[in-house]
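Contents: one structure, followed by commentary.
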């Protein structure tokens with residue numbers, strides 16, 4: 001077994017290959033297979049109403065609470081391709097199911113890459129044959145994590161060791177990150193023996209406070225998908241709280257790695273809001289600031305410009321006392337009661353990590369944190385070139 005990643009838990013194998021879908025010639029297809037003895041599965045998907053064909057197919061197939069294998073391709077999102085896109089997604093599922101001796105409904109499928117281009121089905125089907133060839137499936141979690149990358153600069157794996165059972169995972173995504181997950185594909189695996197209901201509760205709880213609070217550029221992908229597959233191979237059934245904690249730890253670690261590798265990132269920024277009526281209002285306010293381009297530019301310039309924070313948060317759908325707002329950068333007060341604090345302009349933000357804390361002054365119990373990044377020259381360069 002691997003020390004980390006999707007094949008760290010018992011009962012899982014993976015493979016990866018280069019099918020020629022990516023123009024770069026880098027590996028671009030991966031396969032994760034649950035060998036059992038159990039096949040419980042949970043998933044969460046994008047909330048974007050314009051969702052990709054693989055999201056539609058995976059939603060249908062996971063509805064019965066079981067998935068035995070998940071197919072990944074990178075370099076083509078198979079999104080906004082109409083009926084042909086759905087036909088292609090279903091064809092890939094059928095091809096894989098036939099090769100593995102499974103039913104179509106046993107398969108999840110995930111795609112990431114450019115929107116609006118048809119899948120090269122000849123390459124995809126040949127890639128499926130390579131992924132399922134004799135000897136291909138094994139302890140190849142690291143290779144699978146590399147194969148699903150698009151504009152990522154590093155692969156992202158995790159592992160959480162519990163009391164006799166394990167949660168592993170891989171993820172990708174560095175841009176188009178906003179609430180409702182990110183341009184993000186994540187696969188979590190566990191050898192715990194759990195029901196589908198337990199898995200869904202753990203996954204939903206974890207994503208709500210990890211991936212859903214990662215907001216790099218305010219864009220929500222058409223393809224966001226997080227799977228949690230459970231093999232039961234450890235023979236151990238954790239409590240719901242134990243499962244929740246392990247899945248949260250895995251999601252939190254991957255989310256931190258997504259933030260650290262965000263497109264063009266030079267600053268990792270945590271925006272925390274307190275002092276509003278409830279947590280929903282707090283996250284609205286934190287997200288409003290995290291998405292503000294002037295604020296993000298100030299972070300890029302290591303500029304403790306608290307005025308941009310106030311200007312942004314004042315537009316948030318949250319209860320606040322406009323004359324009692326306080327702002328702290330790295331625990332140093334820069335604004336108290338909506339007025340500049342002594343030494344505010346001298347606060348050092350030259351480090352890579354910046355914590356921003358905003359108190360909206362109502363004495364309410366709402367609080368939330370959103371993770372974001374700065375807005376750099378490199379981000380613009382990367383995304384101006386990522387097209388046809």
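Backbone N, Cα and C atoms are what each Cβ position is placed from, and that goes for glycine too.
On a predicted model such as this, the values are computed, not experimentally measured, just so you know.
Quick look at what Swiss-Prot lists:
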ACT_SITE  183  active site, nucleophile
BINDING   150, 172, 183, 263, 383, 388  substrate binding site
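Classification of residue 150 (substrate binding site) by DSSP places it in coil, neither helical nor stranded. Comparing the binding-site residues 150, 172 by how many other C-beta atoms lie within 10 angstroms of each C-beta, the top residue is 172. Look at residue 172 (substrate binding site): DSSP puts it in a strand.
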